[in-house]
Amino acid sequence: MVSINNVTELIITGLFQDPEVQKVCFVLFLPVYLATVLGNGLIVVTVNISKNLGSPMYFFLSYLSLVEICYSSTVVPKFITDLLAKVKTISLKGCLAQIFFFHFFGVTEILLLTVMAYDRYVAICKPLYYTTIMSRTVCHHLVAGSWVGGFFHSIIQIFITIPLPFCGPNVIDHYFCDLHPLFKLACTDTFVVGVIMFVNSGLFSVFSFLFLVSSYVVILFNLRNHSAEGRRKALSTCASHIMVVVLFFGPAIFLYLRPASTYTEDKLVAVFYTVITPMLNPIIYTLRNAEVKNAVKKLWGKK
């Protein structure tokens, strides 16, 4: 079924209505986005150039940072420029494209975090077989699988949204296009597509989060058999991963597992995982990882 839409352009309400508050947000969020791109870009370049960061853990970290840049860039640049615009608009096709790439990179990140947890499990629980299990070919396949998984998840979201008819109103009560606010504008019952979205996004996030938590519980349990120095190093690495997982999944689960609302608090929660979290990840990994810090100092100190 192909829908006939009277709506071709959507108006975005934004985060706040007060022009002065929007200017303050512009001043705050522009440096955050630049720090996100520069920080994650620094990790990507450092890992790919430094000979000391050739292990699978850093291979996955470089792709995670690359995905963070792409993920943040699907929302934040337009969000920032809209803060200075009196009327914030986006075409319906542009809205669907933003939804596709937002979910594509978001789920790719979830799968990469899962791959990184598996990598740490093998390194700590099966150290004698680590190089065999986590060969370069396997690492490339795991990364490729993460991208493919993100694509199929996102294409499902688009396939359930395209048939919906949009005949007015055309105002999205959010600062970017996402499924919940867009479904409110459909001129039909969205219960079924809402259930599909709930399963595809909400339950997927919950099960992925539970799997990651379970993985780290197993890892921490197996650390009892390691030396004090081995436990310290492994705990430091796992702590970084756990912090990133909690920062990413907490807000996402909060929004996608509850009924849609128009509360400003929901928008602020979305700001946290679309704007703030991508900036924090490189900070968390570099501050808690001596090898990354040393590689950055050694590589960029020469420059």
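FYI, residue positions are counted from 1 along the chain as it appears here.
Cβ coordinates come from backbone N, Cα and C, glycine included.
Marked as transmembrane segment by TrEMBL: 26-45 (among others).
Per TrEMBL, domain 'G-protein coupled receptors family 1 profile' is recorded for 39-285.
Residues or ranges marked as transmembrane segment by TrEMBL: 57-76 (among others).
Taken from TrEMBL, the feature transmembrane segment applies to 96-118 (among others).
The transmembrane segment annotation in TrEMBL covers 138-160 (among others).
Per TrEMBL, the feature transmembrane segment maps to 191-222 (among others).
Among the features that TrEMBL reports, transmembrane segment is placed at 234-256 (among others).
The transmembrane segment annotation in TrEMBL covers 268-287 (among others). Long-range contacts of the transmembrane segment (268-287) within its own chain (CB-CB distance under 8 A, at least 6 residues past either end) are made by residues 15, 29, 32-33, 35-36, 39-40, 42-43, 61, 64-65, 68-69, 71-72, 75-76, 79, 174-176, 178, 240, 243-244, 247-248, 251-252, 254-255, 293, 296.
Per-stretch counts of Cβ pairs under 8 Å to the transmembrane segment (57-76) identify 96-118 as the leading one among 26-45, 96-118, 138-160, 191-222, 234-256. Here the transmembrane segment (191-222) does not lie next to the transmembrane segment (26-45) in space: the count of CB pairs under 8 Å, restricted to residues six or more apart, is fewer than 3. Beyond the ends of the transmembrane segment (26-45), by six or more residues, the same chain brings 61-62, 65-66, 68-69, 72-73, 76-77, 79-80, 83-84, 275-276, 278-279, 281-283, 285-286, 292, 296, 300 to within a C-beta distance below 8 angstroms of the stretch.
For the transmembrane segment (234-256), same-chain residues at least 6 beyond its ends with a Cβ under 8 Å from one of its own Cβ atoms are 57, 106, 109-110, 113, 116-117, 120, 123-124, 180, 197-198, 201-202, 205-206, 208-209, 212-213, 216, 219-220, 223, 226, 266, 269-270, 272-273, 277, 280-281, 284-285, 288-289.
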